[in-house]
Ligand SMILES: Nc1ncnc2c1ncn2[C@@H]1O[C@H](COP(=O)(O)OP(=O)(O)OP(=O)(O)O)[C@@H](O)[C@H]1O
Ligand SMILES: [Zn+2]
């Protein structure tokens, strides 16, 4: 814009020149107006522009101006100020990340004995479960800089730009080490490479991924650059990313259970004013299936509602209303278990756990949950073996089969029907049974084993092709018999412990997740009143 232009415009607008220019400007004033002010304005505009450019690179796929050499600089935050205490629940994830924090605090403790820290860890879980928040908390706890970039920002229009960005990011991270580099949505660059159906930009994406792999292999692990990446589609990742020395640690970040939801609500409610009468446990119950992000949203929505109604604080009703708003859309998109389904899944999982616990030589139950998993499972029972062993006895394998069938057995016993939820279990049980009979020679019938192994030698080990039709049929029959026997054993165990089955399933239904300790405590407690033992 030039001066005469401005003057003309001002005149057009009916402004007289007298108002624009002082009557008799001193030389100093003239100087100021004609040189200093334009320069100041120029600098100001320049700054504003560059700020704008940076923020446009911060979110969404890079804009037209997002190439250039030192992009990653803008992602540095010297301290996130976020601590683990800001992340409610997710204790498992926090436990796993604590080691990284400790390493960043005193690396010599690790390097002294020659231990090197994992270079990368993969945070895996559904959207909004706090993966980004956890990564920030790691940086906050360790008091190190935090670089953050989203996978989609690497995907550039021009071949080679993404790779350049990766190089640049690592260069800066190395300069700022120790630090945390966080790559969100890593699946956008880290998708399996062979995958058909990927159209366009293949070269670019592949180059970017290769650069990432090269950088990860190249940097010195003892410098203290830890790369955290997040994804909700771990299965789609290129296996190269998951190799040792890369993202070889997987940290599950799952949807919160009842207690977790209550804690998250409380963390966020600290930021708003609420009535004393608000009952977070009830709100958490009503918000079944909600993620951390959705719960944060519910709290905010409740506060907005209060303001709209001219109140000074949010009430129980505000929260209940906002659950409807936030969750309603969500429930349509995602399958949330109905109460009946929840009950079935509870009995199913306790079925597994109870059968496991009542057999000797069976790994102790570690955790049981009916929170749907990223994997698509409706619930799971986790057993952890204290001492890892590779040689399993026939009894142990049989017990494993019985444990797998325990879920279905519980459904049959209580609901007199089975759901599709048990199909994977039966598959697993059958797999073990087949291996026992054909490969490990655990069949009573030695001929069976011999035949199988002879034909395997001819045909390279694929047992489904290896046998003659008769052998296959015989084998199948044996497998089915074995699974059936174990299934009957499981039914018997549950029948014998029916009151505990009810009690534990009820407890799991209410709490959604229970630990192995809680499970054992209930199991070992004296029986409840006989009334609970009657079947419904
Ligand atoms: N466990 C939690 N405790 C407290 N707040 C949480 C928790 N989980 C999520 N939130 C809230 O939800 C917001 C969004 O979470 P965040 O961005 O970390 O999720 P994400 O898993 O990275 O999601 P996405 O996969 O969509 O990137 C957080 O900023 C926080 O306010
Ligand atoms: Zn099961």
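Any Cβ shown, glycine's included, is placed from N, Cα and C.
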Pick from 27-49, 50-72: which range does TrEMBL record as transmembrane segment?
27-49
According to TrEMBL, which candidate in 276, 281, 282, 425 joins 348, 352 at the Zn(2+) site:
425
DSSP helix, strand and coil counts for the domain 'AAA+ ATPase' (117-257)?
63 helix, 31 strand, 47 coil
Filter the candidate list 125, 132, 425 of binding-site residues, keeping only entries whose CB is under 6 Å from an atom of ligand 2.
425
Spatial separation of residue 129 (ATP binding site) from residue 349 (active site) - C-alpha basis, Å:
24
Pairwise CA distance, residue 126 (ATP binding site) versus residue 348 (Zn(2+) binding site), rounded so that it is a whole Å:
24
Cβ within 8 Å of the ATP site centroid (125, 126, 127, 128, 129, 130, 131, 132 excluded): which residues?
123, 230, 232, 253, 291, 292, 293
